[in-house]
Amino acid sequence: MTTARIPVDELTEEQAKDELARLAQEIGRHDRLYYSEDAPEVSDAEYDALRRRNLAIEQAFPNLIRADSPSKRIGAPAVEKFEKVRHKVPMLSLDNAFTDDDVVDFVARVRRFLKMEPHAPIAMTAEPKIDGLSLSIRYENGRLVSAATRGDGQVGENVTANARAVADIPNVLSGDFPEILEVRGEVYMTHRDFLALNERQRAEGKQTYVNPRNTAAGSLRQLDASITAARPLKFFAYAWGEVSEMPSQTQMGMVEALKSYGFRTNKLMCLCETARELLEHYHAIEERRATLGYDIDGVVYKVNDLALQQRLGYVSRSPRWAIAHKFAAEKAFTILRDIDIQVGRTGALTPVARLEPVTVGGVVVTNATLHNAEEIERLGIKIGDTVQVQRAGDVIPQILGYAEDRRPADAKEFVFPSVCPCELKTPVVRDSTAGGGEGVVRRCSGEFACPFQRIEHLRLFVSRRAFDIEGLGEKQIEFFFRDPDLPVKSPADIFTLAERDAQNIKKLKDKEGWGTVSAGNLFAAIEAKRTIPLDRMIYGLGIRHVGERTAVTLARGYGSWKAFHDSALAIAGGDLSAREEMDALEDIGDAVIDAIATYFAEEHNCRLVEALAAQVNVLEAERPVADSPVAGKTIVFTGALERMSRDEAKDMAERLGAKVAGSVSSKTDLVVAGPGAGSKLKKAAELGIEVIDEDMWFQRIGA
């Protein structure tokens, strides 16, 4: 089971660390796609679920909080094509509420923090949450001098020229304005303008856009401001950054002041005094959502009194005095035209619904994942049914069910294939459960012979966590796999590309989508990865159950590629002593060993591995020191470490043969405590466990 599927309260400390690393990477990727590339791949609900899981794990394992934790980060770094601008006042994001109870809890938290009576009225504003691109505009003496996107909340992109081209953004303020004023709000596009823009695109034979939000964001972030000027962008003002003299001491008063300066503000903003009033306004806006003419994805509540906002302050990446109450995912009905089968890297067959195109929340949906045969059976759907789909952003959404009264007489039941859809038509087998029964996952038994699996294996091989070959992504792998002149059918083929290209009459640089520079850069990037750490080599093989962390464990356990390779072959041949040696490694169990044995028992895999090993230089891993003063001991680090980070401390201890735990127990041998050590220090004293400080730790290990 991957750590992503394990409930938070069932995670071990090692699993929690791996999961936090995975979440930091995944959330960071989605932040970059959303904030920097205007191309989100998941819905708000899915993204929020990732952040909630990250926060829950951090609360359960506070000692594992990473320096790059998403809970400390807002947005994504500014991209390089725009000049970077540091916000004088950070552009923070908001915590989210998803249910009415969440809103009631938010209001109660505010009252408790302010030491108010449980039912005392507290004025809060409620306004629609615009689904657009956040922008900060700076005015000095009433004149627009700069504009920047949110970026990561600290540093954004300079889009001043583009902001001047937005009709709703005044170049000169009206009325009695402060000398310095940073106005913040959302750039968006109305539904009517979006549809008209797509009509023009079609008329000119150009590609149409996906939804108003991405189109607005992409339009503002053009290097050519004339393109921005040609797009019908609008702007709602709702907040501020640096202000030389506050025109009001309330949230509502500040927004009214922004309106007097010449900005468009939202007419649906109102004042409420209780959670009930907030929820009533939320549901009223939700009912009007479809008729507003622009996209919103929730309602934002803010404490109205700015002095109270100041008292409430901030928690990590968000203010205590505000929250965004998100709408539930949007739904729509459409026709299920067909069901196709996709094959993943491990051979898993996933059914995908092909739908009659339907617009859900501004996105044209044509596909939906069905997960497995059991899900199709559970839903009871047939080809030809009218199905209800729930939007999941701009990727494959979810089917919720079907309309029984609309089922046609010729609705066709889907029969899950017994053979792989690849040209080999290899048999499909079902996974086994821990109890020996049949699992829900069906797999192609063709392994590397299956072209679909080979492509997915190649994609893993060049991925960031494996060989990390720059310029060789999913599209390029697909290209080379199908290319008749420079075919790449195995990892080893990647390292012979330049040599084969030199011998070919038709060069890569002359092919569509390539050129002299891009081809040269690719060959150089490949050459740079001929020397590779052992753990990345092992991970890049794509063995089932051998993830990034397991690959590190195997690398440290065996030290060299030859030692690991020889052991794997021996295990595949039934050598029990080799199996016992691998089983003795920390966190390596039967599932991993069986997967390695299966992999290396396949002659085709062995040939691929040998060919790859002949092309690369695999670095030896630094093996744990067996005779160090802390070898074999379980160590806990707690408190603030001054000479090393927590990760450095853990890595150092593990290299010395120790096991690092996150909590103190009777199995703990040593606690290394820095300033601020709390409950763990107390627990160590209760259990009579040795406690030393950081300086003593370095003395003990002789560093």
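Just so you know, glycine gets a Cβ as well, placed from its N, Cα and C.
Secondary structure from DSSP puts R150 (NAD(+) binding site) in coil. The feature NAD(+) binding site is assigned by Swiss-Prot to D44, A45, E46, Y47, D48, S93, L94, E127, R150, E186, K302, K326, with sequence analysis given as support.
Residues annotated as active site, N6-AMP-lysine intermediate in Swiss-Prot, with sequence analysis given as evidence: K129. Neighbour density for K129 (active site, N6-AMP-lysine intermediate): within 10 A of its CB lie 22 other CB atoms from the protein chains shown.
Counting Cβ atoms from all protein chains shown, C420 (Zn(2+) binding site) has 25 others lying within 10 Å of its own Cβ. In the three-state DSSP reading, C420 (Zn(2+) binding site) counts as coil. Swiss-Prot lists C420, C422, C444, C450 with the feature Zn(2+) binding site.
The predicted model assigns the domain 'BRCT' (625-703) a mean pLDDT of 83. The annotation domain 'BRCT' is assigned in Swiss-Prot to 625-703 on the grounds of sequence analysis.
Counting every protein chain shown, 27 other Cβ atoms lie within 10 Å of the Cβ of C444 (Zn(2+) binding site).
For the Zn(2+) site, the Cβ centre of C420, C422, C444, C450 serves as reference, and the other residues of the chain with Cβ at most 8 Å from it are V343, G347, V419, P421, L424, K425, T426, S445, G446, A449, P451, F452, Q453. When the binding-site residues L94, C422, C450 are scored by other C-beta atoms within 10 Å, C450 scores highest. For C444 (Zn(2+) binding site), the nearest of the recorded positions E46, D48, K129, R150, K302 in terms of C-alpha separation is E46.
Assigned with DSSP, the residues of the domain 'BRCT' (625-703) fall into helix, strand and coil as follows: 27 helix, 15 strand, 37 coil. Under a cutoff of 8 A between CB atoms, and with a sequence separation of 6+ in the same chain, the neighbours of D48 (NAD(+) binding site) are N96, F98, K326. In the three-state DSSP scheme, C450 (Zn(2+) binding site) is classed as coil. Around R150 (NAD(+) binding site), a 10 Å sphere centred on its CB holds 24 further CB atoms from the protein chains shown. Every protein chain considered, the tally of other Cβ atoms within 10 Å of the Cβ of K302 (NAD(+) binding site) stands at 23.
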